[in-house]
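Going by TrEMBL, these are the annotated features:
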- 9-16, 34-36, 51-54, Glu62, Asp84: GTP binding site (BINDING)
- His50: active site, GMP-histidine intermediate (ACT_SITE)
Amino acid sequence: MAKITLILGGTRSGKSVFAENYVLSANKTPVYLATAEIFNEEMKKRVDMHRSRRKSGWINVEEPIDITGEIAKHNSEQKIVLIDCLSVWLGNLLEHHRNVETEMAKLVDGLARLEVETVFVSSEVGLGIVPDNKLAREFSDYAGLMNQKIANIAETVFFVAAGLPLKLKG
């Protein structure tokens, strides 16, 4: 299994900027795997902001569901894949009525067979109040479980708050 890094943080914590700089410091061909689906103008602005930060040299791909398959397409020790982000991917799975536990297992199992270094960005959603509706609680529960599964197999884990990274593992 290749090196896996997990970068956690809240909304607008600076986790994506930190992740992009972390990936560029590896001196490998950077691949940006975006999981977001653009449904409205607000989401388009967020995606455009992320795109504008990245200079040339990045391979940009978009895949809202089959991130395991997309990562495998870039399976090379000369590349590093940034997946931004797992929590958006989770939302996509729920929106498309996919079996979340099956997809998480597929991801973890798939990573074990790959040589490409991967860096995952994910939101830490468990620091606030318990949501008041079933779907939000389900999302929060799955996000916590998913982050734990990736952290368990990751060599390095960071938590970013206010733009400041705190190394939790590695």
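A Cβ is built for glycine as well, from the same backbone N, Cα and C atoms used for every other residue.
Automatic, uncurated: that is what TrEMBL annotation is.
What you see is a predicted model, and the numbers here were worked out from it, not measured in a lab.
Fewest Cβ neighbours within 10 Å among the recorded positions Arg12, Lys15, His50: this applies to Arg12. Looking at Gly9 (GTP binding site) and the residue listed as 'active site, GMP-histidine intermediate', their Cα atoms lie 16 Å from each other. Summary for the binding-site residues Thr35, Ser52: the Cβ-based neighbour count within 10 Å is maximal at Thr35. Between the CA atoms of Arg12 (GTP binding site) and His50 (active site, GMP-histidine intermediate) there is a gap of 12 Å. Cβ neighbour count for Glu62 (GTP binding site): 13 (other Cβ atoms within 10 Å of its Cβ, all protein chains included). Secondary structure at Gly9 (GTP binding site), taken from DSSP and collapsed to helix, strand or coil, is strand. DSSP classifies Thr35 (GTP binding site) as coil under the three-state reduction. Taking the Cβ of Gly9 (GTP binding site) as centre and 10 Å as the limit, one finds 25 other Cβ atoms among all the protein chains shown.
Lys15 (GTP binding site) falls within a helix when secondary structure is assigned with DSSP. Here His50 (active site, GMP-histidine intermediate) is positioned 13 angstrom away from Glu62 (GTP binding site), judged by their C-alpha atoms. DSSP assigns His50 (active site, GMP-histidine intermediate) to a helix.
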